[in-house]
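Some features that Swiss-Prot has for this protein:
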type	residues	note
BINDING	D264, D275, E438	Mn(2+) 2 binding site
BINDING	D275, E398, E438	Mn(2+) 1 binding site
Amino acid sequence: MDESVDRVLAGKYPAKAHAKRVAARIRELGYGESGVIYLEGQKTQMIEDNDGSMPFRQRRNFFYLSGCPLPDSYLTYNIEEDHLTLFIPPIDEDSVIWSGLPLSPDEALEMYDVDAVLLTTDVNTSLAHFCSVKKGKKVFAIADQVSPHITFLPFQETDFDVLKRAAEESRVVKDTYEIALLRRANEISTKAHVAVIKAARSAANERELEAIFIATCMSYGCREQSYHPIFASGTNAATLHYQNNNEDLVDKTTGEKRLNMLVDAGGEYRTYCADITRVVPLSGKFSAESRQIYDIVLDMQMTSLAMIRAGVMWEDVHSNSHRVAIRGLLKLGILRGTEEELFDKGISVAFFPHGVGHYLGMDTHDTGGNPNYKDENPKFKYLRLRGTLACGAVVTVEPGIYFCRFIIDPYLASPELGKYIDTNVLERYWNVGGVRIEDNVVVTQNGHDNLTAAPKIPEEIEKLVAAAQ
């Protein structure tokens, strides 16, 4: 593990700096110079008709301004006085019997980057004090994230509009601490991907490899997954977000081992996500058709990475990926025509239907991307990130090519579009399923910093698979 990451993470999560950033964004948007920011953490939620609690996931905007993963917590930030207060639950004697003593206010003050820690029973009193003694007139909160017992009546003005936007826009550019968390998530997830690659040849079922991935992540400190992992063997990889992860790696119909396993998985480290995709040949060596598609996708990714720097238009990176895909598929004979007419007609969308990447942070599809899902151009409809890249933003770069009958068949059935696809050549590639290669990168002023070290050169992957036998 990178020791420089350990040195950064030895300090406190920079909640106070984040609170200042959000307040500054509120001012920039024209909502005033003063007031109090109010946020609630996620509540403990019980499983329906059961006495057990559901898996807990902290609200991301609350964590951004507190660094606190505790459920049932609150915070206030006095903008004018630059004072951040965390409210944590008091001791519940019944809970202590089962769960032990909770964090005390003194312990929380030592642990988190806040100015004061009080109990949640003090929230309303604290808000009233802000109005009466501090002459506070305005409170900023997020709609539908205020508990019924909380009162804003002492305030002259309550704003439910700007805080969510200000927090989400502030989260786009990461600071040194956040990048260290993302780097650690990638380090651990890389170990898990390598473990999966080494086990791929001997595994019998998709779920075996999923179990290896999750166990490796947990053993190194990622107790949670960033999202439901995708372990898609053979033609299952043609489904972009395949979820079942339970099929045998030997095809029951043909009795033959499936060609590849697409693994899209990443561990979550202290609320920050990794999102990595690799493709592994289950036999230990890519088939000729698999290798041809893999090389095109790798070219798509490498040319995309070469374009990334502060100020670049993400739509340009995405469009270039389509052009690389078109050139590659033309060379194989799957497509016919000219690059320009294929690009203008959107034929490559049949094989590359999603965006080339998205923001990454506390959420896998992180905030601030400004997607336009109503875009009538199919090349851009599912692009989760639009506009120019900012220095310090973290993005995924994940081009792919898929052989999904549900997506491709309408193109083949179209008199206008079907003529651009050679079905005889296409027939040889259905069993490839899909290939996607995904890295996580920090945008820098003149380029990028790739956080992902998982092997992606095909010879390296084949060597790892073979060495495990």
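Cβ atoms are placed via backbone N, Cα and C, with glycine included.
Other than the site residues D264, D275, E438, same-chain residues with C-beta atoms no more than 8 angstroms from the centre of those residues' C-beta atoms, the Mn(2+) 2 site, are I230, A265, G266, I276, T277, T396, E398, R436. Within 8 Å of the Cβ centroid of the Mn(2+) 1 site, not counting the listed residues D275, E398, E438, the chain contributes D264, I276, T277, G357, T396, V397, R436, D439, N440. Neighbour density at the Cβ, taken as the number of other Cβ atoms within 10 Å, is lowest among the binding-site residues D275, E438 for E438.
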